[in-house]
């Protein structure tokens, strides 16, 4: 029986818009970062609405993690993207939102599942952004559904802590164009960085960056790395868990850096790290804000997969990252095969 004060899970939020030329690459394929941004917008709205259904501090749902998400089908200019988001689990101070993305060809009526993702949010008080408010609990259809949600909650909490401890290493700056050119297909050759000054349009009501804005920048950098490595059309295939370690405030300069860690015959894993440097509050210093692994594939002019040039490894550190990436690749491949067998 449900406890007093529990609320029904909110109805799915529906967002939709047509994909425009500004959303896509030169081949007409919509950037993965655009889809990620729409996913986060939907999750933030449904999460913020739910957390403000109780009395007390008004709050905004702040993104802390995006679980591994697969880009199941490419989206093209002119298609209408439908994003639905629903809350599927709540703990005392966090909530899980599951999102599905459907792409519709409005000329033929054909629809396809383009993406699905799970995001975790915490409600931050508008009066004191460092204060995490309590999340109103939801009702579950069954005890099993609640237990599965609790397991997902515990797992992501552990992984967030492990990732935070692992990503503190500094990334060296990308090669200076005036320096001697790096050999093709090395990590140094394709490593790229993007510098962005956080302005008001990037931020929520409490002057912190939207998670979707950060994810879009990360996808852009990862795409540059992938394109430099294989010199072909590329698309985002999947994103490993995106962890938001610390908030980024208006006025910060963010440096988004991507580097290849692993390459298989048909895919490239790119580590993307986001560092924030406050322009005004200099005593706080530069800090690591977000981290993730993006996977890209290379495509020909008919959008069919191409083989990817092998990565040339230089040094023990690159070899270590390559082996770790290979382990993630094999684990992900095994999960996909197991899921395919279950569906059959």
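The first residue you see is number 1, and the count goes up from there.
Keep in mind that glycine also has a Cβ here, set from the backbone N, Cα and C atoms.
Not measured: the values here are computed from a predicted model.
Feature annotations, reproduced from TrEMBL:
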ACT_SITE  25  active site
ACT_SITE  219  active site
DOMAIN    9-127  domain 'HotDog ACOT-type'
DOMAIN    188-302  domain 'HotDog ACOT-type'
Express the distance between the Cα positions of residue 25 (active site) and residue 219 (active site) as a whole number of Å.
12
Starting from each candidate's C-beta and looking 10 angstroms out, tell me which of the active-site residues 25, 219 has the most other C-beta atoms.
219
Could you count the residues of the domain 'HotDog ACOT-type' (9-127) that DSSP puts in helix, in strand and in coil?
23 helix, 57 strand, 39 coil
